[in-house]
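The active site, charge relay system annotation in TrEMBL covers A:LYS119, A:SER194. The annotation active site, acyl-ester intermediate is assigned in TrEMBL to A:SER218. What TrEMBL records for A:33-45 is compositional bias 'Low complexity'. Per TrEMBL, domain 'Amidase' is recorded for A:65-516. Residues or ranges marked as region 'Disordered' in TrEMBL: A:33-54.
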Amino acid sequence: MLSTLQPPRSLSLLPLRRFHCSKTIVSAASSSPATTSDAASVSPPQSQILTTRRSLLSGETTASEIAKSYLSRIRLTEPQLKCFLHVSENALKDAEEIDQRIARGEELGPLAGVIIGVKDNICTEGMPSTAASRILEHYRPPFDATAVKKIKELGGIVVGKTNMDEFGMGSTTEASAFQVTANPWDLTRVPGGSSGGSAAAVAARQCMVSLGSDTGGSVRQPASFCGVVGLKPTYGRVSRFGLMAYASSLDVIGCFGSTVADAGMLLHAISGYDRFDSTSSKQDVPEFESQFLSVDRFESKPLKGVKVGVIRETLEEGVDSGVRSATQEAASHLEALGCVLTEVSLPSFSLGLPAYYVIASSESSSNLSRYDGVRYGNQVMADELNKLYECSRGEGFGGEVKMRILMGTYALSAGYYDAYYKRAQQVRTLIRKDFKAALEQNDILISPAAPSAAYKIGEKKNDPLAMYAGDIMTVNVNLAGLPAIVLPCGLVEGGPSGLPVGLQMIGAVFDEEKLLKVGHIFEQTLKGSSFLPPLLPNVA
Amino acid sequence: MSTALLRTIQPNHFTLLGTALLRRTSRSNISVRCSGSQATTTTTHEAKQPSQSRVAPKNHGSNKLDEILRDYEAVIGIETHVQLSTFTKAFCSCPNNYGSEPNTSICPVCMGLPGALPVLNSKVVEFGVRLGLALNCGLSLSSKFDRKQYFYPDLPKGYQISQFDIPIASGGYVDVDIPLEFGGGHKRFGVTRVHMEEDAGKLLHSDTGDYSQVDLNRAGVPLLEIVSEPDMRSGIEAAEYAAEMQRIVRYLGVSNGNMQEGSLRCDVNVSIRPIGQAEFGTKVEIKNLNAFSAMSRAIDFEIKRQALLYNQGQEDQIVTETRLWEEGAQKSVSMRKKEGLADYRYFPEPDLPEVILTQDYVDSIRATLPELPEAKRRRYEAMGLGMQDVLFLANEASVADYFDAVIGEGAEVKLAANWLMSDIAAYLKNEELSINDVKLTPKELAALIAAIKDGTISGKIGKQILFELLAKGGTVQGMIKAKNLVQITDPAEIEKMVLKVIAENPKQLEQYRNGKTKLQGYFAGEVMKMSKGKANPPLLNKILVEKLNAKD
Ligand SMILES: [Zn+2]
C-alpha cells in the first residue's frame, strides 16, 4: 500500500489544465489491471507532447496561445522558484512561426509547439549559456548543441535556460553562481541537482519537457526530488556536442517530462550519431512512440514475464525508510503488472561512489582548464600571466568547482595517478562487469533514485561528503554507461503535501526502449498517479 | 623567464560573432595582457645505452681545445616536430594553411569553446602510419590519445591532445650517409617513437611590449613528433639525422618539411661524458634551430662549452636547462633552468575513441610507400656513382625521379648525373626554380646527352641549347635542325677553314713556327669561331696541327 500517497493537487488557477487534466481518453479505473492501491483513482498522466500535437492539428488552440500561457506561468512562478537563468525573448516569435506553418498547411515536426527548457550548460546559439558559472557570465555561444539543433529542427521551442549547479557539480542546484532554485513541492527545499532547474521547471509546468545533463545522477536525482520523469540515456546515445563538459566519459544529455512518453519522445528527437561527437553511437534509434499505448489497450498483465532485479545494496541501511517502502511498493506494483521479481546483488556497488568522484574530478580538472579568461568569459585584469589565470579562475569559479578541480589535479599528478585515477578505472571495469551479469539475468534492475526525498535548502551545504553520499544510487549507472529512467512512485512525509520519491529503472546498453515500455505501463497504472506539486503560495 | 608584462586589453570579440561556420572567415584578435615563458612541451624519455658508433666531434678550435675534446664523448638526442600537410586541421575541419591572416582559420573546436569536441582527421593517422613505416617502426594497431596539460595562452583548451604511453609507432631507425667533407661513412640512428599530436597557436607580441595577441590559426594543426634514440655523437651527425627526416617527410608527402616556416622543428638534447664512462652526463636542451647548419654549429658549441666546464672541474655548472641558439652571435644562451620535471598530468583523452588499425590498412599504406632516400642512395651507389653524386641526386625526390626518368630513356648514368649536378643545378639555383618547373623533359635531356655522345653536336653547342630547352622546351632534334647546329665532321670543310685562318694570320703563324706553339689554341679558337662552334674539335685540332707544321 502506498500509504503515504497524497491526493494530487491540481494547478487550477493557471490556464494549463487542458495539458494534464482534460480529455481523459479512458478512465483508469475501468481498464487498468488490478494494482496494489485502491486509493481514489485519478486519470493517468497525459503526454503533453501528444496533447500539444493533437490540439494544434485539430485547431483547438494555437502555438502562440500555448507559448503565451507558459510564459505567463513562468512570470507568475519564477519569483518563488527561480528555475530559469534566462527566458528566451524569441519563444513567442517561434510559436507564431509554427502557427504560420499550420496556416500554410505545411508539415509540422513532432515537437512543433512543444515548450522546452534547456539546462544552462547546453549551448544555445545567441542565448546566454553559462553553466551557472560566473566565469561564463554573459557568454553567448556561436552555435547550438546538436541536441538543441535537433529540437529546433523538429519544431520545439526553447523557452529558456535552466538553473543548475555550476558546471554540473552538485546535487542541490545551490552551487549555481546566480540563484538558488526552490523545489515546487516545498519552497524551503532544494530541487536536487545538478539539473535542478530543468526538473523543477517541468514539475511546476513552466515548460512541458526539458533537457538536463547527467554525469552522476544529475537528471535522475532531481527528477526524484521534483516528482517528474528523468531519463538518462546510454552513453553515446545522444551527442555531447555543445554540452559543456564536466566529465567527458560520464556526461550524457538527458530528458525530463511529466510523463514517460514525453521524456521518451524528447529522447528520440535528440538521439543518434553525430559526426561532431566521436563518442556518439551509430546504434539505430528505435521509434519509441509505439510503446506509449493508452491504458485501455493494455492487457491484464501487460508486463507479463518481464524480469526485474531489485538491487539489494540499494535498500540497505542509509536509505530513508519512506524511500525504502515506496520502492518496495513500486516493486509490488510491477509484480502485479506481471513482472517476475528477484533480488540481485552488485558486489561492487559501494565502490562506485569513490571511483566516480575520482574520475569525475580528474576529467573536470582538465575540462575546465579552457576557462582561463583569455578568449572568452570572465577575465580579470592582471599585470602578469599567472596572475591573469589565478584571478580569472579564482573569481570565476565557485567553491565546489574549485574543490573538484583541486581533487582532480591531485588525482592525476605524477605519483598519484596509479593510486587514484587508474584504480578508479579498474573499479569502473568491475562495476560494468557486475551490471552486465545482472542484466543478463534480468530485463531491468530497480532501485531508489536517491536515498531520501528533497533536502532542505542549506541542509547539506556545509557537509559535502553527506551530499556526495546522496549520489550512491545513481553514479554506478554512469560508470557503466547504462540507460536509466527515474519516475515518481510515491510520496513521503514532508513539505505542505508530501515529497515525491522516484523509482530508478536501469536497462541494458542501448535498451531505452524496454525502460520506456515498462516505465510507461508502470506510470499509467499507478493509482493516484498525477504527481502535481501543490499550489505555489503566491499563485494561490 | 620573460618578464614582459602586458597592460592593455582588447575586448573579446568572439562572443559577438555569428555562427560557428562564419568563424572560419571572420577575423578577430584574441588578446591577452600578459606574456611569459612558454611552458615546455617536450617529452622526456629514458636514455638508452648508447650505440658504439664513435665519431670524434669535429671542431676547428685551438689544438688545446681539440685535446680536451678528445677526452669526451657527446650524446645527442633529437625531438622533431613535423607539421603535416593535411588539408584540414587534426580535430576540426578548419583549413590548414600557413600564412593566413591571424585568426581566420579557426572554429569552436580549435578555439576550445565550451561544448566543442575534437573529431580525428583520418589523414593524420594515415600520415602517422606512413612515417612510422618509413622509419622502420613497429606500429601500435591499437593506440590512443592522451591529454597533456599545461596553461599557456596559445593553448586554447589548457591541454594538448597528444599520445603518451602508446604512440602510434615505435622502435625504428633511420640510415644516413655522412658527406665526405665531414668524414663520410654510413650511420644508423635509432627512432624511439613517433606520435600524433596537435600544434598550439602563436603569440604575437606588440612592438612596444605592452601586450600580446594570440593567433590560433596554428592551433590544432596536426603534428607528428619523432623522438630519436640518443645515438648521435656530433653536430654533423645530428644535422644529417634531421636532414634525413626532412627528406623522408618530403618523399612521403606528409609535410613540406620547411624549417623556416616551422613545419620541421628540432629540439636537441646534448650531454657529454668522459670517454669510457657509462652513465650519461646532464642533458641540456637547445631550441631555436632554424637550419641544419645552425643545428650542427649549436651542438658543437654546446659540446665545447660542456667540455670546457668539465675540464675546469666545473661540471656541476652543467645543469638541466633549455638554451636558445642565437644565430647572429653564434652562441647559445640559457632560456630557463628546469627545476624538477614538469608534471603534465597526462590521462587518456575521453573525447576520442581508441585508434584501431587493421593489418590490411597498414599493408595498403605500405604498398603506396615511395622508394625512400636510403633505398635510392644504395641503388645509385650500386650504379657506380660516387657518394657526392648519390647524395645530390637522392636529396630531393623530384630530382631523383627526374634522374631516374633520364636514365630510363637510355642516357648514360654518369653523364646524366653530371648534367643534373652542374649546369641544370646552377640554372635552377639562379632562376629559383625546382626541377618540376623546367620545360626540358627527361626524354629530351637523354636525347641531348646522346646527340653529344654520338657527335651530332658538340658539347659546347649542347650547353648552349640546354638553357633554351630548360626555359622554353622543345626537342633537341628540332633545335639542331632549326639552328643548323649539326657538327662539321667533313675534313675537307674543316681544312678549308683552317687554311683560311692561317692565311689571315701570317704574324701569328710566324711566331708559332718560331717556337711559340701555345698559339695553337688561338688558331683553334679562330677556326671554331668561323665554324660557329660546329667544327668537331678533335678533327679540327688534328688538321690544324698538320697545317701549322706543314713546310711549304
Ligand atoms: Zn577549427
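Any Cβ shown, glycine's included, is placed from N, Cα and C.
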Neighbour tally for A:SER218 (active site, acyl-ester intermediate), based on other Cβ positions within 10 Å of its Cβ: 37
Among A:LYS119, A:SER194 [active-site residues], residue with fewest other Cβ within 10 Å: A:LYS119
Rounded inter-Cα distance in Å - A:SER218 (active site, acyl-ester intermediate), A:LYS119 (active site, charge relay system): 11
Secondary-structure category, per DSSP, in which A:LYS119 (active site, charge relay system) falls: strand
Distance from A:LYS119 (active site, charge relay system) back to A:SER194 (active site, charge relay system), taken between C-alpha atoms, in Å: 9
Reduced DSSP assignment, A:SER194 (active site, charge relay system): coil
